[in-house]
Amino acid sequence: MLNKLIERENLSFKESYELFNMLLNESEMRIAAYLVALQTKGVTADEIAGFAKAMRDNAVKIDLGEVTDTCGTGGDGSKTINVSTAVSIILACFTKVAKHGNVSITSNSGSANVYEALGCKIPETPEDAKKSMDKTNFVFLFAQKYHPALKKIMPVRNELKVKTIFNILGPLANPANPKYQILGVNSAELCENVAFALSKVGGIKKALLVYGNGLDELTPNGTSKITEYDGKFDTYEVTPKDFGLDYSKIIPCESPDESAKRLIDVFSGKINEDRNFILMNAAAALYTSEIASDFLDGVEIAKEAIESGKVLKKLEEIRNV
């Protein structure tokens with residue numbers, strides 16, 4: 001199949017599923033060759049779906065009921081606060097959240113890095129994860145603990161330090177099989193492709209695939225693209241005005257500790273550029289989870305949760321599990 005990829009031929013869903021399983025027994029050099037060849041060719045929806053299905057089938061299983069995930073592909077190279085972690089804690093005030101995350105590959109603050117910087121412990125086992133969910137409505141599922149089959153592939157990804165299909169796969173491979181998902185992607189064309197792949201992997205009720213002018217989040221300073229899936233596909237664009245918010249700057253973030261501090265500032269009621277960034281994405285997550293009727297409603301729900309102290313209280317609950 002490597003020659004096929006080098007010739008820029010696309011793989012079918014079945015071939016992609018088989019290739020994933022084959023990579024688990026390949027040398028690091030050949031794994032790197034396959035990943036680079038796929039990335040250079042450009043991954044298709046069938047290839048994403050085949051890899052994602054195989055990754056889920058190889059994962060450690062965990063049943064947490066009907067949950068939501070807030071996750072981004074990463075790989076956008078940005079230096080921003082970890083918005084998806086902030087959003088997941090806000091969302092946990094209203095519904096069950098199983099956040100699937102990892103350490104940083106291409107950014108300054110991956111979700112696992114920031115989660116620990118917030119003073120939270122990553123559950124060691126599925127039993128610990130279930131305990132966290134039962135007590136707090138929230139659990140952080142550290143990708144490396146649920147995908148042991150990938151231990152040969154992770155060092156290759158770390159060494160390559162470039163975007164690969166695995167940047168796309170992480171959010172599609174949550175072992176809790178979320179019914180609702182807001183998923184940030186690192187390029188505009190991935191919105192439709194990843195939405196299609198998510199629908200093909202199965203189990204999803206509603207999802208929003210978002211890309212924000214260079215970010216795998218909705219951007220507070222420009223136009224964002226969304227592909228919405230709820231049994232059918234709909235693609236459209238939004239700006240902060242659609243959320244009742246003013247445009248605001250994105251302030252660079254240099255470390256997980258800085259990201260954690262700035263999230264706590266917002267949770268404590270500080271009104272700044274980070275707040276708009278978080279509110280916009282939280283509103284979209286609340287809409288995806290069918291808690292908010294639309295984006296404007298989502299902003300009001302998120303604001304109330306912050307201003308009433310619910311979000312800080314939720315963070316404290318999660319810290320104390």
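Just so you know, glycine gets a Cβ as well, placed from its N, Cα and C.
Ser84 (5-phospho-alpha-D-ribose 1-diphosphate binding site) is surrounded by 26 other CB atoms, counting those within 10 A of its CB over all protein chains shown. According to Swiss-Prot, the 5-phospho-alpha-D-ribose 1-diphosphate binding site annotation covers Gly72, 75-76, Thr80, 82-85, 99-107, Ser111, on the basis of sequence analysis.
The feature anthranilate 1 binding site is assigned by Swiss-Prot to Gly72, Asn102. Just so you know, the Cβ of Gly72 (5-phospho-alpha-D-ribose 1-diphosphate binding site) picks up 28 other Cβ atoms within 10 Å once every protein chain is counted. In the three-state DSSP scheme, Gly72 (5-phospho-alpha-D-ribose 1-diphosphate binding site) falls into the strand class.
Summarising the annotation, Swiss-Prot assigns Mg(2+) 1 binding site to Ser84, Glu217. DSSP assigns Ser84 (5-phospho-alpha-D-ribose 1-diphosphate binding site) to a helix in the three-state reduction.
In the three-state DSSP classification, Arg157 (anthranilate 2 binding site) falls within a helix. Residues annotated as anthranilate 2 binding site in Swiss-Prot, with sequence analysis given as evidence: Arg157.
The Mg(2+) 2 binding site annotation in Swiss-Prot covers Asp216, Glu217 and is backed by sequence analysis. Asp216 (Mg(2+) 2 binding site) carries neither a helix nor a strand DSSP state and counts as coil.
Less than 8 angstroms from the CB of Asn102 (anthranilate 1 binding site) sit Gly74, Gly110, Ser111, Ala112, Phe142, Ala143, Gln144, Gly170, each of them six or more residues away in the same chain. Listed binding-site residues: Asp216, Glu217; maximum Cβ neighbour count within 10 Å falls on Glu217. Summarising the environment of Thr80 (5-phospho-alpha-D-ribose 1-diphosphate binding site), the number of other Cβ atoms within 10 Å of its Cβ, over all protein chains shown, is 21.
Within its own chain, Val103 (5-phospho-alpha-D-ribose 1-diphosphate binding site) has Gly110, Ala112, Asn113, Gln144 as residues 6 or more apart in sequence whose C-beta sits under 8 angstroms from its own.
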